[in-house]
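**Q** The structure that follows is given in the form of structure tokens.
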Amino acid sequence: MGKGEFTFNLLCCYNREAETLTNKPVKLLIAASGTGGHLFPAIAIANQLKDYHIEWLGVPDRLETKLIPSQYPLHTISVEGFQQKLGIETLKVLSRLIGSILKVRHILKEGKFQGLFTTGGYIAAPAIIAARYLGLPVILHESNVLPGKVTRWFSRLCNVVAVGFEEGTKYLSFEKTVYLGTPVREEFLFPQSLDLPIPENVPVIVIVGGSQGAVAINQLVRKCIPAWVENGAWIIHQTGENDPNAFSLKHPQYFTLPFYHNMASLFQRANLVISRAGAGSLTELAVTHTPSILIPYPYAADNHQAYNAKIFSNQNAALVFTEGELTPEKLQTEVLELLQSSEKLEKMSLGAESLAVKDSHKKLAGLVHEILSH
């Protein structure tokens, strides 16, 4: 089956009900853990598959224990990263991996699950191996341009790999790789109200550091705030919960928030966003058509955030700077120049829009239906 035919079939099948001989709902296990970039797309898919019985595979004490909706029973296993070099620690990791595989196999078998959907990351390794051992279909979604280690190593065990960026297909030599975009939370697809006392016709800068925050960006930004507010900007700064200096600066036009419940409203209102370059945040910037300044996290695995950011830079959707090259003076100047040029911001907005796949959640749900109906 060719790539085009495969994509056509999965889109056509989305509106079909999941069919079983017993008329019981299809049971699907979703393996997604760790960060918002892994969890939010998986939650979007789960919410789209209302005719399925869905349960979740996660890790204790990770973000999923707080974010996963209560209607999805949560199973937990212990997983950890793979070592770069062979040694005694590698053997320990492999031993624990085998234990995790056996536990996932037990969950899948006892629960009589009919398939696995995963968004990659370390939890995907034992989940994929266990599912394939039992002969169950596996759908893997990779949101980053440069696929993670687990995706690269285990994609051939999957029935299909869906990628969030079209550029990502060239890094996977696997014929059943399809570009479907990355699903976003439903609120990003509809107008949201911002419940902060900000006047309507003022420029708004939003600073975010991903679901974990970014102390380095916070420190950089705080040195620029006085000049920005002096030039009329209002600033919403989501600092994350690990910044000891989060509330060190106060100004009526500056809102400091460790966490904000409705990121969609922030991005929709923002004239400019300053952010890391995680795939989840970039997808949200694309669907809200929001101009951005991106500062890729320099210690991300395989420098994958730089690959994500390059796509936005190539489409004129963002300005991209490394953390090392960006001084407070440079950031201050770049932001003020953008805010003073509606033409530049409009061009960046159109660039972001060109990268959006707003129906990704429907396409990916269609893919799940297609694979599990065979």
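Placed from the backbone N, Cα and C atoms, the Cβ positions cover glycine too.
Quantities reported herein were computed from a predicted structural model and do not represent experimental measurements.
Marked as UDP-N-acetyl-alpha-D-glucosamine binding site by Swiss-Prot on the basis of sequence analysis: Thr35, Gly36, Gly37, Asn144, Arg185, Ser211, Gln305.
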**Q** According to DSSP, folded down to helix, strand and coil, what is Thr35 (UDP-N-acetyl-alpha-D-glucosamine binding site)?
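**A** Coil, per DSSP.
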**Q** Return the single residue from the binding-site residues list (Gly36, Gly37) that has the minimum number of other CB atoms within 10 Å.
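**A** Lowest Cβ count within 10 Å among the binding-site residues (Gly36, Gly37) is Gly36.
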**Q** Please report the DSSP secondary structure of Gln305 (UDP-N-acetyl-alpha-D-glucosamine binding site), reduced to three states.
**A** helix
**Q** Here the binding-site residues are Thr35, Asn144, Gln305; which one has the lowest number of other Cβ atoms no more than 10 Å from its Cβ?
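**A** Among the binding-site residues Thr35, Asn144, Gln305, the lowest count of other Cβ atoms within 10 Å belongs to Thr35.
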